[in-house]
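Below is one structure, written out as structure tokens, with a few remarks after it.
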Amino acid sequence: MDGSVPVNYFSTHRSIKAHLKILPFSPSYIGWNSKFILEFIETCFSLAIRTQFSSLRIGMVRVYGLLLFLLVLDLVSFGEARPHDEQPLSRIAVHKVQFALNPSAYVKATPTLLGLEGENIQWVTLVYGSPNPSNDDWIGVFSPANFSASICPPENERGFPPLLCTAPIKYQYANYSNSNYKDTGNATLKLQLINQRADFSFALFSGGLSNPKLMAVSNIVTFVNPKAPVYPRLAQGKTWNEMTVTWTSGYGISEAEPFVEWGPLGGNQLRSPAGTLTFNRNSLCGAPARTVGWRDPGFIHTSFLKDLWPNSMYTYKLGHKLFNGTYIWSQKYNFRASPYPGQDSLQRVVIFGDMGKAETDGSNEYNDFQPGSLNTTYQLIQDLKNIDIVLHIGDICYANGYLSQWDQFTSQIEPIASTVPYMIGSGNHERDWPGTGSFYGNMDSGGECGVLAETMFYVPAENRAKFWYSTDYGMFHFCIADTEHDWREGTEQYQFLEKCLASVDRQKQPWLIFLAHRVLGYSSGDWYAMEGSFEEPMGRESLQKLWQKYKVDLAVYGHVHNYERTCPVYENICTTEEKSYYKGPLNGTIHVVAGGGGASLAQFTSLQTKWSYYRDYDFGFIKLTAFDHSNLLFEYKRSSDGKVYDSFRISRDYRDILACTIDSCPSTTLAS
């Protein structure tokens with residue numbers, strides 16, 4: 001080898017890329033292992049082409065085939081961060097759209113006026129037809145209704161806006177409800193719309209998603225009041241007796257004053273003002289969030305309801321006082337105030353990650369998000385009277401830069417989030433973007449770089465750009481980490497986490513829970529197993545000293561889309577062989593992966609480890625029930641039926657928490 005570029009390098013490179021085209025993934029998603037394999041494949045193949053010895057050439061080609069197989073295997077097993085989380089709207093080649101308006105093609109939508117009785121969700125019926133029907137034809141829902149290029153600024157001076165400056169907010173194939181559409185050219189379709197601050201139109205396209213041709217556009221459909229306050233999200237405030245209410249509307253502060261009217265159920269009502277936030281394209285970090293995924297977010301309002309009486313029921317409604325003196329109101333909602341920290345009462349907590357957003361009308365469907373996401377939502381709504389607080393630990397709605405999907409998600413969870421505190425954590429699909437301070441240089445957020453999550457939901461963090469915080473609920477103390485920022489020893493977040501764990505009074509709050517999106521503890525997800533770490537690299541190596549020192553009961557994670565529970569474990573060793581009923585000191589932390597909230601499932605490794613007690617390749621969530629200071633019930637429920645598939649109990653006294661175990665007490669001295 002003389003170091004020169006092989007003669008057949010470029011043709012070889014093209015042939016490899018041609019092979020990659022048949023894979024279910026784009027080469028842009030290749031991991032580090034795959035990139036190394038790809039480079040090695042190219043070297044082997046070019047050597048095989050150049051060699052003079054046929055036997056060596058055959059051998060090198062066989063190596064090429066083996067490595068190509070490994071490449072496919074690596075891509076298939078890349079797990080939760082691979083493109084099976086790809087936002088379905090990104091499949092539409094918006095930049096390739098062509099005008100092909102046909103006078104014989106049509107779309108008609110009814111009714112044209114929605115929300116006549118105050119509804120924020122309503123079904124629309126489409127009747128449409130094409131003179132040249134195909135099974136690739138599809139319907140796109142656009143909002144605002146005018147989706148021309150005239151309102152689409154280029155991302156930079158070399159960018160030229162296409163006909164469509166924005167992706168649709170949802171889409172469905174024209175033959176979805178009528179299998180004979182290709183033969184008749186006529187069909188009907190029912191789609192569900194939510195109030196999203198603008199009007200709607202429906203467009204019929206041919207050419208599939210990859211070469212869309214606009215054939216017809218419908219009449220305009222709108223809600224009676226597109227600007228109405230919608231989708232309230234409760235969250236714990238910075239003190240135990242404060243509840244926050246966040247909602248979305250089309251009213252800026254130059255048009256109306258936002259507030260919440262609230263008070264004890266059946267008692268006098270008072271009004272608390274709300275702060276207002278919004279952002280523009282320049283607040284975001286890249287495409288598609290700044291380009292085809294952009295949609296005006298409207299205005300996000302947050303009001304702080306203070307000095308609540310513990311456990312008391314309150315009623316509230318959202319209000320906007322227009323400057324002409326009229327009022328705009330939402331419907332009424334109820335919530336129960338949090339218990340006093342340490343209060344001895346029945347307290348129930350639901351935790352999960354990676355739920356995503358789905359559509360009840362079947363549109364935008366991909367990779368089984370519909371059954372998982374909607375079933376999880378449904379089960380929580382069904383059991384809402386037995387739930388006190390929800391913690392959604394990252395990968396919230398997988399908008400991935402398509403901003404309309406955040407409205408869709410807040411609408412989906414409204415029955416839950418308007419009734420109990422809905423606390424979120426930051427995940428890779430909310431935060432990660434190169435060059436923005438993220439611990440990971442991935443592009444998983446689609447250019448959102450945390451802006452949407454930080455604005456759409458309230459969390460009691462000192463700085464919401466640094467998404468770590470603590471919150472109390474009665475006998476529970478939660479420390480929520482932000483795995484998209486550095487958590488290692490010596491960092492600002494590490495210092496916060498130690499303070500959060502050290503500051504809890506375990507006599508009052510015996511149940512200490514650590515939460516994070518990525519797995520900083522233990523997981524048998526196949527991708528982690530392939531790395532040989534069974535965790536996020538540098539995860540437990542940095543934090544297990546804190547978990548052990550402060551005797552964390554549970555550490556719960558998302559990111560890996562399945563369910564798994566470990567033994568009480570410290571430094572890879574189970575501290576007990578008990579699996580279902582723990583009495584006295586745990587002497588280690590139980591780690592749980594609860595990433596099956598709704599996003600497409602991730603495979604387990606075939607390797608068996610002693611610390612892995614229960615695995616389930618299904619959608620689900622966990623529920624913690626504290627009966628008192630000494631008794632906790634843990635349950636894992638599947639989203640499909642709400643039944644319990646794994647559980648254990650912890651029973652102990654305060655002295656069991658005080659007891660020393662390995663690395664949980666200072667070293668002894670002569671004084672002791």
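Glycine residues also receive a Cβ, built from the backbone N, Cα and C atoms like all the rest.
In TrEMBL this protein carries:
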DOMAIN    107-225  domain 'Purple acid phosphatase Fn3-like'
DOMAIN    231-336  domain 'Purple acid phosphatase N-terminal'
DOMAIN    348-563  domain 'Calcineurin-like phosphoesterase'
DOMAIN    588-647  domain 'Purple acid phosphatase C-terminal'
Any contact, the domain 'Purple acid phosphatase Fn3-like' (107-225) to the domain 'Calcineurin-like phosphoesterase' (348-563), with at least 3 Cβ pairs under 8 A: yes
Residue counts (helix, strand, coil, in that order) that DSSP gives for the domain 'Purple acid phosphatase Fn3-like' (107-225): 7 helix, 48 strand, 64 coil
Average model confidence [pLDDT] within the domain 'Purple acid phosphatase Fn3-like' (107-225): 91
